[in-house]
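TrEMBL annotations:
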type: DOMAIN; residues: 43-294; note: domain 'G-protein coupled receptors family 1 profile'
type: TRANSMEM; residues: 28-51; note: transmembrane segment
type: TRANSMEM; residues: 63-92; note: transmembrane segment
type: TRANSMEM; residues: 104-122; note: transmembrane segment
type: TRANSMEM; residues: 143-165; note: transmembrane segment
type: TRANSMEM; residues: 199-223; note: transmembrane segment
type: TRANSMEM; residues: 244-267; note: transmembrane segment
type: TRANSMEM; residues: 273-294; note: transmembrane segment
Amino acid sequence: MRGEAQNSSGLPPFILTGLPGLETSQHWLFLLLGVLYTVSIVGNALILFIIKEEESLHQPMYYFLSLLSVNDLGVSFSTLPTVLAVFCFHLREISFNSCMSQMFFIHLFSFMESGILLAMSFDRYVAICNPLRYSTVLTDARVVWMGVCVFLRSFCMIFPLPFLLKRLPFCKANVLSHAYCLHPDMIRLPCGDITINNIFGLFIVISTFGLDSALILLSYILILRSVLAIASKEERLKTLNTCVSHLCAVLIFYVPMVGVSMAARYGRHAPRYVHTLLSLVYLFVPPMLNPVIYSIKTKEIRRRLCKILLGTKI
């Protein structure tokens, strides 16, 4: 693999990295990640259970929340095997095809999360700006159709990435910067011309994250305009309060993403562990915080959660 070009037919393995420069602290990082994994998996599983059992939550808003929880579980389980291998068992080598598969699923769930947040913003827009048409616009069938569209769009965008990578020769030491496989990390390793990969990567980012964030912003501009037309200050605050959970979910998803992108573009001289930590925040924090935020802000979920954990109602 060293010194000679090697394409995917030779199946060159990749070497995963824990936290460069902080090797002596990696066991503490594993404990932290273990807590994040536990909160994420248990929290999202509880959200799904409560929505299934609580009939008052059988509404479009909570169906979308269920999709978000399933997606967050997907993100957690996509990274768990290699993170566990690197930080707990110090197994750093991963086969070419396994790395491609992990990359596919990590990016698939990331793209799906953006689409789900867009669907949730549409739900809030209809509920606030056209409340009388809410039940006719967001029927169960339409919610299912929107979920299927989110999945199909994400799948079609991500599906070509492994094949575009596999056509390239690899002649460097295939050392990745993270404990999991990401396309921006892997695209640095081939020796061949990566112009097509870069153009396609830019296209899918703009047509998903860029478009989704613009439409979410537009929906909230329309929501704000509608809310400001309400005469009562108390009613305005009550209406805006229904959007707080979704706004928090949008911010904790997009802000770390912007941070990772800015660091990759302008922070090339920063220590490597800075990039790794930002990537960890991007992948680990949203799945952990989303169930916490919705449990705190949603009265029905909070009441059922207290009944499960404490055996009491509040």
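Cβ coordinates are placed from backbone N, Cα and C, and glycine is handled just like the others.
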#### Entry: Confidence summary for the domain 'G-protein coupled receptors family 1 profile' (43-294), mean pLDDT rounded
90
### Query
For the transmembrane segment (199-223), what are the same-chain contacts with Cβ under 8 Å, counting residues 6+ beyond its ends?
111, 114-115, 117-118, 121-122, 124-125, 128-129, 153-154, 157-158, 160-161, 164, 183-184, 187, 243, 247, 250, 254, 257
### Query
By Cβ distance under 8 Å, which residues at least 6 away from the ends of the transmembrane segment (104-122) in the same chain are close to it?
61, 64-65, 67-68, 71-72, 74-75, 78-79, 146-147, 149-151, 153-155, 157-159, 161-162, 180-183, 204, 208-209, 212-213, 215-216, 219-220, 246, 249-250, 253, 283, 286
